[in-house]
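Colleague: The structure under discussion is supplied below as structure tokens; questions concerning it will follow.
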Protein chains: 2
Amino acid sequence: MVRLKCIINYDGSQFSGFQIQPKKRTVQGALETALTKMHKGEYIRIQASGRTDTGVHAKGQTIHFDSAYDIPLYNWKQALNTLLPNDLYVKEVEYADDSFHARYDVIEKEYRYYVWHESEPDVFKRNYAYYFPYELDIRSIQAACDYLEGTHDFTTFSSAKATTKGTKERTLYQVSCEKKGSEIEFIFRGSGFLYNMVRIIVGVLLDIGQGRRQPADIMDLLAKRDRRLVGETVPSEGLYLWNVRYDEKR
Amino acid sequence: MVRLKCIINYDGSQFSGFQIQPKKRTVQGALETALTKMHKGEYIRIQASGRTDTGVHAKGQTIHFDSAYDIPLYNWKQALNTLLPNDLYVKEVEYADDSFHARYDVIEKEYRYYVWHESEPDVFKRNYAYYFPYELDIRSIQAACDYLEGTHDFTTFSSAKATTKGTKERTLYQVSCEKKGSEIEFIFRGSGFLYNMVRIIVGVLLDIGQGRRQPADIMDLLAKRDRRLVGETVPSEGLYLWNVRYDEKR
């Protein structure tokens, strides 16, 4: 038995999210169908670094699974990509330690969020960035990003529906915002993220960019730990699970 | 009665081409449905600069139609975009002369073709560029492009299924190829294009880039006027109707 770790990409626009659901097209469903076919009907269960919602994309989602097959890594990659639909791609396959776990061993995740910041929408961007035509003060947003970095209780910035037990304290190593041509790129690197956390934070950052709040309000919002104080979750099409890091020593 | 001219964009990946067909999702169908709804059920017929096949995109498709409505141009644009699906967008609406015709009055069309030139596919490019992982000599392709410019009989480079009557002579004002990061951009500007002409030419140019033909072979291929001499039509996902020009004096 070997444990395999894979880095996968997917265009989330045609998937009903990551997690398997009856009669829905999901990333987990597509991966397990391909693996089960490769294993002649034996059900192969995968574990991912975490779920992603409907419409959310991934550049560096990471999964693991166990197999009795002893085949070269390159052939694993080839075989899987041949069986997968073309909006899901296995970028890397490697052997992992038997104790490796794609979810429990995460030490850092990076998410990015893209905003299409033009006066008119672009049909080619509709599934890949959030169309936001209003004026924004990027410097204010950047100032607010600085307040978000560090270790905080992010209750205010997580879905009220969240089922997470235990602490809502997380550490953000990087929160940044940059205008790149017609797009605005937000980068979030952190120890972990609560449900909807990136999309709720981006909503608040866009409020700040419009002058509806001040950058320093972030401190107050964090301290109050109340989801009702902030606005709507921005749409899923702008969100990308960009990278997942594990302890290299393992 | 006014005649309106519109410039429209569409992501062709979810359309069964431009031309209306029963039970299929087409660009013409979506536009006529929106216009007919605006006109309280009165059927409004549109005319386009030409058709595009399934999967082909447009940045500057041009259409015209007649309406008894007298409403400001900005409201036309707003109303149409509100009624259209989000993979189809009206970029400009203007008044046209009663004698203007979106197909008959074309003086120049520009098509572009994009190749995703990397060793691995990109899930986010799958519908928007042709994945071609093989080595290419761009300079050879550019030399071949020069042979294509000018006035020629393009029988060799048009679909054998073409129903075009009359001459297969067309004038290409620009044929160019440039490597831009991970993509190769082909630009074709001409007086008109035969059915599948751009996609057949790109196939031959990729053969030349791989050294399977020489740039000067283009002259011989043009002279022989035989579709069977050249290879397969490249896929539709890389093709964009980029711009349509009309006589400005009209």
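Positions of Cβ are set from backbone N, Cα and C atoms, glycine also.
In case it helps, TrEMBL gives these features for our protein:
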ACT_SITE  A:ASP53  active site, nucleophile
BINDING   A:TYR111  substrate binding site
DOMAIN    A:8-105  domain 'Pseudouridine synthase I TruA alpha/beta'
DOMAIN    A:144-247  domain 'Pseudouridine synthase I TruA alpha/beta'
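Relative to the rest of the structure, where do these features sit?
Modeller: Cβ neighbour count for A:ASP53 (active site, nucleophile) (all protein chains, 10 Å cutoff from its Cβ): 17.
Sequence-distant neighbours of A:TYR111 (substrate binding site): residues of the same chain at least 6 apart with a C-beta under 8 Å from its C-beta are A:ILE187, A:PHE188, A:PHE193, A:VAL198, A:LEU239, A:TYR240, A:LEU241, A:TRP242.
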Colleague: Is it possible to list how many residues within the domain 'Pseudouridine synthase I TruA alpha/beta' (A:144-247) are helical, extended or coil according to DSSP?
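Modeller: Per DSSP, the residues of the domain 'Pseudouridine synthase I TruA alpha/beta' (A:144-247) fall into 35 helix, 32 strand, 37 coil.
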